Amino acid sequence: MVLHCYSHFLAHSLPKELKGNLIIFCADVASAMFIRATGRNLQIAYGQSLKFLDLVKLSEKSDILPSGDIAALVYLWNPFTIVACVGLSTSPVENLAIILSLYGACRRIAPLAAFGWVMATHLSLYPVILIIPMILLLGYGPDTPPRKLFLQRKYVEVGDTPSNDRCQQGEAVDQPELPYVFSWRPVIHFLFWTSLWLVYVLVLCGVSVKQYGGLWELFKRTYGFMLTVQDLSPNMGVLWYFFAEVFDFFRNFFLIVFHGNILFMILPLAIRLKHRPFFLAFVYIVISSMLKSYPSVGDSALYLGLLGLFVNELADMKFSFFLFCGYIGVSLLSPVMHNLWIWRGTGNANFYFATAMAYACLQIILVVESVSAMLNHDRKLRKLSATKVLDGKT
């Protein structure tokens, strides 16, 4: 009875804006909770990898920060998250679907991962590229150092052990299973549940839009609208200005070029970062946020929150202070330039487009420097492991 009265009060007493803010607020809180849980899982896997490589002293000497708590706080108190919530944007719901899929893949919960990925792809087309890091997460598990280190470690412990020392050989054989073995079972479960959820969503959408032209009309007005960039209203991206200036004869060519850039980066990054699938998903999200047709501040809130999950690995990342100041500057200048151009009429499109270009450059620097810092961290672990192996031989 009390629950019925409370729901009746929410339905009739609260204004529509407040009810929308409550839904978005709940989505942001749920996203932060899933980010925190994912960070703990990644940190546990990282500690187990260091223990397997006999680099526990590295974690004891350096202060390992609680990455899950930091990432959740960064996501919740990010100004971009607050602006998206106040502006009644639907991006927090899209972010929740993406985070839910990554959490399910990290925990190897195939139905949850498939549901999140299907809903994220349904709400926004660009998360479709996340299927590659999700398959790697389901097959290999959470992020680990390069798998060559584990092979090298096992070779030293098993192959180079003296035959007369059976005690040491027994200890080497009793080491836990190497984390480089790919497991197909959760991947097959994920593909099965993905097809199941996909059929379910398509059937519901087909029934809902049957009187409006069917599924083809739905795809044309949603995904086709995003891919063809029909609306050239000013936004945080750079495509609106470019396609407003380009000749119509070259429009299809540049549409293929801009959308193809996202696809061209998928395979090289997947090959290089296959041992860190969650970080690979973070890089994919930043790239898609930079090159998508209609970006929003909610996209930045998502990848900046996920960036906190790698606070330990990216501790030596360059230009961190420059990126911090750059994001603050763009956040302050973008509404000012938009007001000068649209409302006051004292500026032109170049004023606002300059902030959009600066924003895109900051995202490029973030991708390049974060990937470089992660690879340098792996090289550091490789050197420490090689030194440990040499000390063990001597």
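Placed from the backbone N, Cα and C atoms, the Cβ positions cover glycine too.
TrEMBL lists 80-103, 115-140, 187-209, 221-243, 249-271, 278-294, 322-343, 349-375 with the feature transmembrane segment.
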Same-chain residues near the transmembrane segment (221-243), Cβ under 8 Å, at least 6 residues beyond its ends: 124-125, 251, 254-255, 258-259, 292-297, 334, 338, 341-342, 349, 352-353, 356-357, 359-360
Stretch among 80-103, 115-140, 187-209, 322-343, 349-375 sharing the most Cβ pairs under 8 Å with the transmembrane segment (249-271): 115-140
